[in-house]
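All remarks here apply to the structure that follows.
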């Protein structure tokens, strides 16, 4: 393990900028390097230097980067029924299959499971769940595993067999139809 950490710090230091050569505070959290310097970047995540405000529309930016929520019943994918895959608008990771989409009547596109889920195991899915207390009650936020984009929330009031309702903002998604 120590050889791995030495090798990891060598790889990271080769990409260091002038600012990051100065002494800095580093914390190893699993394989992800977290640094107080702007010169170091995560080895497992989307490029942190991405200019999201330039890449995204204002509404996409507010929802995905500032944890906003689009107006209910306004999203382009709410009543969308085409067969295909919904991807992260920020990093293009596949998130939800149209086969898992259903009408929950909640005002946002709803899915019963994330793409890559196998018998409730989401380790191969491109989403992460996080506790969210921002609305005054405990909920579960859904974010993109690769770029930390806020996607929406998940609730335990969905249909069988999963019992889950992923309530996802349309502006956080791009749809790609299935090739024929």
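Note that the numbers count up from 1, one per residue, in the order the chain is shown.
Using the three backbone atoms N, Cα and C, a Cβ is placed for every residue, glycine included.
Swiss-Prot annotations:
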- 167: active site, nucleophile (ACT_SITE)
- 88, 91, 144, 147: Zn(2+) binding site (BINDING)
- 49-178: domain 'MsrB' (DOMAIN)
- 1-41: transit peptide (TRANSIT)
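Over all protein chains present, the Cβ of residue 88 (Zn(2+) binding site) has 24 other Cβ atoms lying within 10 Å. All protein chains shown were included, and the count of other CB atoms within 10 Å of the CB of residue 91 (Zn(2+) binding site) stands at 18. Across the domain 'MsrB' (49-178), the prediction's mean pLDDT works out to 95. Here the C-alpha separation of residue 144 (Zn(2+) binding site) and the residue listed as 'active site, nucleophile' works out to 14 Å. Counting every protein chain shown, the Cβ of residue 147 (Zn(2+) binding site) has 21 other Cβ atoms within 10 Å.
With a cut-off of 8 Å between CB atoms and residues at least 6 apart in sequence, the same chain places 104, 106, 108, 109, 110, 152, 153, 154, 155 near the residue listed as 'active site, nucleophile', listed in sequence order.
Sorting the domain 'MsrB' (49-178) by DSSP state (H, G, I as helix; E, B as strand; all else coil) yields 19 helix, 42 strand, 69 coil.
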